[in-house]
Amino acid sequence: MDGDRVEIDGGIMEGGGQILRVSTALSCLLGLPVRVRRIRAGRSQPGLRPQHLSGLEIVRDLCDGKLNGGEIGSTEISFTPGKIKGGTHIADTKTAGSVCLLMQVAMPCVLFAASPSELHLKGGTNAEMAPQIDYTVMVFKPIVEKFNFTFNCDIKRRGYYPQGGGEVVVQMSPVKELSPINLTERGTVTKIYGRAFVAGALPIKLAKDMSAAAVRCIRKEIRDLYINIQPVREPDDQAVGTGSGIIIVAETSTGCLLAGSSLGKRGKNSDKVGIEAAEMLLKNLKHGGTVDDSLQDQLIIFMALAKGVSRVKSGPITLHTQTAIHFAEQLTKAKFTVTKSEEEDPGNDTYIIECQGMGMINTNL
């Protein structure tokens, strides 16, 4: 079998866990054995961290695959996929490793399973260097469902850095194929809303301060819209540990959703957390694209799998997106083109990401 393995260099481009997620998900979907070398070569702690290993293990379990080299710190793995099956699967990082990143690797696979799936994902729900679960529910879910599938995401418990302990249950049914998407009309911003949260030992006042600071910051640029950022204290029985953060979403007249978010941490002023999220949102609104920086790369694998041509208008192409495109093209027959968007104000850094998808068909259905 080894002669037919696709060799993946895990140290190029973004050089992180994303290469593992994209290549193992596609390996599972396409029935292609892969070997990934130089895993996270450029990181301060190279090799597999707990959340990467949990992601590999859930994909292995989803398809009765074989995983070699699956240990913490390992810089090379080989993966041989089997047949994707539905049912209940559990992935537990046992750390604050992100449940959203576990969802990123497992979700494309279970769409092409033989029967419905229920994923119990355990770890951090609001972690640094990953989308917050609120982002996944408020932005990623409504947009990705335009590919013509639906899923349910139930936040059982929230878990924060350093111990994690959160749990999210994702339920989804398989599809025959994915439809392409066309997200090229931004429209105008019609509403801005969000949530500022505290959990554990932190007082609700911090959530109110984050919210107020964010509103003041947005008001400088956008004066005429009602901004509704709810301060929330997470119920003690639904949160493990102490954490705080904020997410702000702008919705447009064409149904686009763009967001900014930030997490609190010890010694970081709550006003600063609110302002960071507001500035991120304003930056995402400025470029005139239909998706924000965090969503850009998460759509690539679905565009590659869909049947037909997908088009998405975005701001500057992130390194994560370039990386996802590179490996999606290496493993599938999908073809991507990225062109500067002409109709915009020339000062705007706007691009059209176009993909002729491979038209993956679910042979299990």
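Numbers run from 1 along the shown chain.
Any Cβ shown, glycine's included, is placed from N, Cα and C.
These come from TrEMBL:
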type	residues	note
ACT_SITE	His320	active site, tele-AMP-histidine intermediate
BINDING	Gln104	ATP binding site
DOMAIN	13-338	domain 'RNA 3'-terminal phosphate cyclase'
DOMAIN	184-285	domain 'RNA 3'-terminal phosphate cyclase insert'
Sorted by position, what residues of the same chain at least six away from Gln104 (ATP binding site) have a C-beta under 8 A from it?
Arg21, Ala25, Gly55, Gln298
When you measure from the Cβ of His320 (active site, tele-AMP-histidine intermediate), which residues in the chain that are at least 6 apart have a Cβ under 8 Å away?
Glu14, Gln18, Gln296, Asp297
Over the domain 'RNA 3'-terminal phosphate cyclase insert' (184-285), what is the model's mean pLDDT?
97
Counts by DSSP class (helix H/G/I, strand E/B, coil) across the domain 'RNA 3'-terminal phosphate cyclase insert' (184-285):
35 helix, 37 strand, 30 coil
